[in-house]
Amino acid sequence: MLMLSKTAGAIPRPPRSNVRGFIRRFNVQPRALFHHKLVLGIETSCDDTAAAVVDETGNVLGEALHSQTEVHLKTGGIVPPVAQQLHRENIQRIVEEALSASGVSPSDLSAIATTIKPGLALSLGVGLSFSVQLVNQFKKPFIPIHHMEAHALTIRLTHKVGFPFLVLLISGGHCLLALVQSVSDFLLLGKSLDIAPGDMLDKVARRLSLIKHPECSTMSGGKAIEHLAKEGNRFHFTINPPMQNAKNCDFSFTGLQHVTDKLITHKEKEEGIEKGQILSSAADIAAAVQHATACHLAKRTHRAILFCQQKNLLSPANAVLVVSGGVASNLYIRRALEIVANATQCTLLCPPPRLCTDNGIMIAWNGIERLRAGLGILHDVEDIRYEPKCPLGIDISREVAEAAIKVPRLKMTL
């Protein structure tokens, strides 16, 4: 599990020669007349270097992304200094590609939006330092972006979704349920008490040595689990969902990881193989842990919907559940959430898979949303700092727990 600093960070000094070269290349007069507001979004919160230009109507004019997945697969996880160096090596190129694809010069931009919280400190610093130099050079407003708010609002780029709506954000670094009441108003109903589901699935995949599996060698851990689980029998092993007696909307995945690890150790002894070799029962284990994860996410989400309905926080006639984040691309988990949505008369919406994972489009779009609402637009960036740890919205999880809502049993026929 990656440990993040709890304090806001000063901006590291970037390689100025590269930025100057970038500025010289784009320090030209606007090449076209744009009638809409334009925002450049920059994302470096973890291990993806991404940028995009989006206009106020939601058109994506240009985008670019550099993924570090293959590098970190070899090390068994994200190494922050390595991620930082790769961001430094690629950020100029990625921003240039996004601008070039869009036909937009920095002079055409209405603002520059960049993720400054939460995330890996070393990674956040790279994006922020590069952005600050662009802001200062081209005299553009700066819009600091909360990474999880951007994930939550991405759905409004692809669908006509009004406020309020419920969002489940599930990824390798986050797991939370929140009610989105406006562009900047969030009520946190529950969150992971330990690790995120994507992190847990990655750890299980590493413990199963799926990188050595011929079908999974280039996949992330979560993708490998989903792929292998299709060949497995989830009934072969009993892995129970966590926190079944806790009547809140919080999550926990550490216990699920430990139970699975013990099961793998037991099967290794039973099959007479050493740690690091692939079990004959790997697919069955993958199927069982995926099912337990899906059931855990579904039950907490079910309770969140019931709470919002009881408190009249969601419109009964037009209730929407949005699921986003990297784990939202897991179709098995999505089917479990569809069962919950159908049982509660909610509409389940998910952004396209490429917008569920980290990307520059969601950052630019969040910038557009804030620009239109006149929220968080800075003209002085001298004191701006990144924040590796930053909660989402107002935490009302205690109120949810005190309601002690009993969730009716649903048949998870997946």
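Heads up, the Cβ atoms here are built off N, Cα and C, so glycines get one too.
Swiss-Prot lists Leu169, Ile170, Ser171, Gly172, Gly173, Asp202, Gly222, Glu226, Ser329, Asn330 as binding substrate, and of Thr254, Thr344, Thr347, Thr357 the one it places in that same site is Thr357. With respect to their backbone Cα atoms, Ser329 (substrate binding site) and Asp358 (divalent metal cation binding site) stand 12 Å from each other. Long-range Cβ proximity for Thr357 (substrate binding site), meaning a same-chain Cβ under 8 A and a gap of 6 or more residues, is found for Asp48, Ser171, Gly325, Gly326, Ser329.
Rounded to a whole number, the distance between the Cα atoms of Leu169 (substrate binding site) and His151 (divalent metal cation binding site) is 7 Å.
Spatially, by CA atoms, the modified residues Lys74, Lys140, Lys203 include one closest to His147 (divalent metal cation binding site), and that is Lys140.
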